[in-house]
């Protein structure tokens, strides 16, 4: 039975891409990383030294190395193979450095998955005396099998999913859209895919329309606003209820199409939906459009789309109307050919000259200026 305790050996060609470090708590500085295999090899390498720009450092450095792994022969699960990425900052012009933090990555989780990206928070070396930063390191890891049994299992992922505050912990990635879940006590609970929409009040109206189990005449009836109308699998479902549900969908356009599914041979009659119709608020009336200009349609194209009045055309000022108003406000009937209305040249006795029209000529006293006539030859 010694062969059962012997572990399987594997070799993987690893492509480790060091992408970037975001949310760096420094405005300037030079950072670099040291990549080292803690298990399955002796690979050690450093990245290039890059400056901090807009609280972000981008290395775009690729490391290629071979790592060795082992797996239990009974279960086939790969043993951990940790690769540590240490982020460091240059000090004294590059002579020394300080360690900002590190991130440990289990390469066994990436075995056989092709290329996968991972973002992880930096862990501090001295968490007692230094404050931990929220810098996020992004890497891209790809692994391919070189030797060993191709049948193996990867360990469970250590990635932790953090849900926003106030979000229901029962919501998982498999829950899609909206739905109603019946608990053991018989109460109906509605799932929401996004808790943020509830806080903003988007679904306030739909929550009011959902009736509680005490208000509904039959406890086996539940409504789902995200699905289409379903046909009952029970032979006792009447056609009158289907006509009633379709009429309620047409009259209330703000709500999505509803459906009803009956369990246990119970059916919902038309009288049960009447109180729900009274609770729903009516759609507010649309504001009245301003009257159109009588000459507006003559200037438009006669296409089928542009011939219909739109809100943009009603609120837009027509340039032709402004030109017509300006032309009508001007008086072009008084056309005078009198020479006194033009500019006149006056020369005084001391040789000074002045230009003026008829208004200044009337105010000038006689003898001070003499008019000069210039003839065209």
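The backbone N, Cα and C atoms fix where each Cβ goes, glycine too.
Taken from Swiss-Prot, the feature compositional bias 'Polar residues' covers 160-173 (among others).
The feature compositional bias 'Polar residues' is assigned by Swiss-Prot to 188-198 (among others).
Marked as compositional bias 'Polar residues' by Swiss-Prot: 222-234 (among others).
The compositional bias 'Low complexity' annotation in Swiss-Prot covers 256-269.
The compositional bias 'Basic and acidic residues' annotation in Swiss-Prot covers 274-285.
The average pLDDT for the domain 'C2 NT-type' (2-145) in the predicted structure is 91. Residues or ranges marked as domain 'C2 NT-type' by Swiss-Prot on the basis of sequence analysis: 2-145.
Sequence annotations record features per position, and here Swiss-Prot assigns region 'Disordered' to 160-313.
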Query = Can you tell me how the residues of the domain 'C2 NT-type' (2-145) break down into helix, strand and coil by DSSP?
reply = 8 helix, 86 strand, 50 coil
